[in-house]
Amino acid sequence: MTLSTTNRAVRTVGDRLRRPVVRSGMPASTKLLGYALVAPIVIIMAVVIAFPLVSAVTTSLQNQHVIGSPADFVGVDTYAKLLQDDAFWAALGRSGIWLLLNMIVQTLLAFATALLLQRNGWWSTSARTWIMLPWAVPTVAVAVIWQWMLNSNYGVVYKIFAGVGIDLGAPFANGAFSLITVILVNSWHWFPLSAVVIYGALATVPNEVIEAATMDGANAWRSFWAITFPLLQRVLFALGLVGSLWSFNVLDSIYLTTKGGPAGASTTMPVYIYDTAFSAFRSSEAAAASVVTVIVLAIAGMLFFRFGRPKEY
Amino acid sequence: MRFSVRLERVPAVVAMIVLTVTVLGPLYWITVSAFKDRQEILLSTPTWFPQTFTLTNFQQLFLSTDYVIYLRNSIIVAVATTVVTLIVSLAAAYSLYRLRVPGSGRIAGIVLVSYMIPGALLIVPLYKTLSGLELIDTFAGLVLVNVAFTAPFCTWLLRGFLLAVPTELDEAAAIDGAGPARTMLRVVMPLMVPGVATVGVYTFIFSWTEFVFASQFIVSDTLKTLPIGLSALVGQYTINWGLVMAGTVLTLAPTVILFILVGRFFVGGLIAGATK
């Protein structure tokens, strides 16, 4: 396989990391137009992301209760209180489990789906479109659908399982199962996006290379690991990074099904912060939790970038 | 049609059936349930097809709830978010990936890194920022937030489409005496239609389905969007399942219809943008 095929096949997000060619002779009018065009997104990101981030740091150093109410500067007291709060650590741990299990379930589903989409025939052709439907369904509808189907009195999925002798109980209300149930529901909602992106990346793998490998006696398993997987690495890396962050960010799927319960059993970090701020009215603690979590995520992101990044980057 | 039964195809066929049922089954089930009457929907042995085909649930939804208001609000927010995101991300992508103004690599990096900060973590300070700007309980505030969480991804997605437009076109336009703004609007943008469609569908669906920000930043009943209205129906003390089913069907119908119409192009565009 030539290097140029590799490059063409797997060029992804990472390209932005390459230094752009700075045209020294750019006319002033073009430069002006360029900065005017990029200004809106920069201003919006400053207002919606950067400014609130700074504001979170200030709030976390105070003892504010209801959002926006007057508060005193207390230094790192809030952090000390937060770091001693078992619920905070439990939520962070649950977010870790959430991230990992969502990743595993969705990657397996997405890969299997992508391989099916690649085949010929009417099923694959039509599925390339309708497979995305769960992603297009509003989360609140996703929550209703699964609560309805798993309802122990009238739910069709519950009945089907009962028919073969398996009692699902009340999966959203059972502390041992609520987190895993929400993970499965959330995966149903999100796996189509990864499936389609992986399918697209698979389509960039040149067929002739696979055929040549098959003729040389490589089986499907071997040619997947030797040819397809390395070519997919860039897409998978980008998907892994963005997908993890999207997944970490999920609040609605959890809130709309279990509200983080029962007894906190499905309270991940976003749910913890939401509840601390809007139900318990401890804004400063919520802000401190946000700051700590952003730092943890930044470190995790950098480690992933350092060690998970494909070599040719 | 020829049905060839080959043993090696069995696992794939089974996987296809499982996937079809898993993905489309729930959508089928919710839809047929919406057309069942009060007794049938609660039968202990579910019926696969409505025996008592009725429109009462939908009728009740329109008459006894504010569904129409929520629908109007969702349309306003989704359309406004889509239009603003399109303008902002097209402009940013053109500047960063086409004109490549000095510092564009760094600007693109900063925008993408800030996009990666989970929004759910920022909801508290964001509330404060928005109330400082007097944007709490306004569509403008919600649209602003939605744009911030869609525009960076869309800018990046448009990058792939921009790279596919040959730069020779710009040079030719320049030789013909077109200024940079004219080149952008008259030469490059018309070729960006597939990218615009993809980004538009993504943004529309994002804001149509958005729940977390809408639930905190909108207070008035008259400004609530569909997901909030639907979650209120579910939150009632005794759930009227028929009504909830009808509400769910009408909440997901617009995105599903959009998808049936343009889904093929959207999937193609997503793939083109993400794997370039």
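Including glycine, each Cβ sits where the backbone N, Cα and C put it.
Per TrEMBL, domain 'ABC transmembrane type-1' is recorded for B:71-262.
Summarising the annotation, TrEMBL assigns transmembrane segment to B:12-30 (among others).
The feature transmembrane segment is assigned by TrEMBL to B:75-97 (among others).
Sequence annotations record features per position, and here TrEMBL assigns transmembrane segment to B:109-127 (among others).
Taken from TrEMBL, the feature transmembrane segment applies to B:139-158 (among others). Only residues 6 or more beyond the boundaries of the transmembrane segment (B:139-158), in the same chain, are considered here, and those with a CB under 8 A from a CB of the stretch are 73, 76-77, 80-81, 84-86, 88-90, 92-93, 96-97, 108, 111-112, 114-115, 119, 126, 130, 133, 192, 195, 198-199, 202-203, 206-207, 210, 213-214, 217-218, 223, 225, 269-270, 273-274.
Here TrEMBL flags B:191-219 (among others) as transmembrane segment.
Residues annotated as transmembrane segment in TrEMBL: B:239-267 (among others).
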Spatial neighbours of the transmembrane segment (B:109-127) far in sequence, C-beta under 8 Å, 6+ residues away: 92, 136, 145, 149, 152-153, 155-156, 212-213, 216-217
Distal contacts, the transmembrane segment (B:12-30) - CB-CB under 8 A, six or more residues away: 245, 248-249, 252, 256
